[in-house]
Amino acid sequence: MSFDLASRLAARRAEDLYRQRPLLQSAQGPDVVVDGQPLLAFCSNDYLGLASHPEVIAALRAGAERWGVGGGASHLVVGHSGPHHELELALAEFTGRPRALLFSTGYMANLGAVTALVGKGDTVLEDRLNHASLLDAGLLSGARFSRYLHNDPASLAARLDKAEGNTLVVTDGVFSMDGNLADLPALAAVAQARGAWLMVDDAHGFGPLGAAGGGIVEHFGLGQEQVPVLIGTLGKGFGTAGAFVAGSEELIETLVQYARPYIYTTSQPPAVACATLKSLELLRRESWRREHLAALIARFRRGAEALGLTLMDSFTPIQPILVGGSRQAVALADMLRARGIMVGAIRPPTVPANSARLRVTLSAAHSEAQVDRLLEALGESWRQLSSSLLAEIEAEEGDDA
């Protein structure tokens, strides 16, 4: 029997869930060209505006001249170069931990950490709204896998009471589709009381959160004792690419020995590590980026609430606007695009049914005037969408008469 892929694709189209790739024809930044159209983008995760920073670009160029453009081999063969090692030392110091270990992607870091730490006879407990890479890691680990209610320490405690073997509690730091923060102090207390380890994927926290950009752990004033396993990605707040795990000497050595996504892959280009060293320097030095970003977030929320839009409880750069139906979310995104604004429409299965949304993301590279332009376009588009929905309802009522 052949694979009926055409039917699967047709069903996805019929449900307004078909994914397509926009073609970016410019550098990352607020002003982009996508599929030939100039747009003002509010959908990038380049939270501090470092992806196109001249000093980061210069560091990448110099790194390529010195180290070439390929990693060449895995870290355990001959792919662990000087810049990789220097970046690991810098990330360890930045996170206040003995060591850090580089991975090529955030997905690989999450998969590598979970599967190296737990297996058959152990338990992994995850927040229901965790990123797909964390959920996949839990399922693939071979450990008993269960999800607790979103950000609910009591639900976690009930599952911990039934846990067996080594137990790993896993949560996003900032939830990527909602923008809210994990209740780390409460989750850490519950995990510690029951002898479990807490692993936090702070992909969206490093850079925007914390006095020095140290993410959610710094934001809450926690340390390695409360959060033994800390994951960070480098393609968001850092503006480059890759990911890392930070923790104890024993943790990192365990990953070197047992994390298959680390062992069996070519290292990232060393020039990228050179660029990340520069972006880390800028992230720590230029606190004005976090301050400006926080002001833009507050400005956007005031304006969106004045328009009557339904926002989620978030003070991070991720500012979702709840729409409900997938078709309506896509229509609203299309209306914004017609006005020169690019915002992503997020639909099931990425988010729960009937909670489709626009995922607005803000960056320190945006200006107040650009945020005001977004709000103006949102107001016009929301009124247009409401009028269209009302016309559809009236037409349906007419058909039923």
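Even glycines carry a Cβ here, placed using N, Cα and C.
Swiss-Prot annotates GLY106, TYR107, SER176, THR233 as pyridoxal 5'-phosphate-binding residues; of HIS80, HIS150, HIS204, the candidate listed for that same site is HIS204. Counting every protein chain shown, 7 other Cβ atoms lie within 10 Å of the Cβ of ARG19 (substrate binding site). For the binding site of pyridoxal 5'-phosphate, formed by GLY106, TYR107, SER176, HIS204, THR233 according to the record, the largest Cα to Cα distance is 14 Å, rounded to a whole number. Of the residues the record lists as binding substrate, namely ARG19, HIS131, THR350, the two whose Cα atoms sit farthest apart are 18 Å from each other.
Note: the CA-CA distance between SER176 (pyridoxal 5'-phosphate binding site) and THR350 (substrate binding site) rounds to 10 Å.
Other than the site residues GLY106, TYR107, SER176, HIS204, THR233, same-chain residues with C-beta atoms no more than 8 angstroms from the centre of those residues' C-beta atoms, the pyridoxal 5'-phosphate site, are ASN110, HIS131, SER133, ASP201, ALA203, GLY235, LYS236, ALA243.
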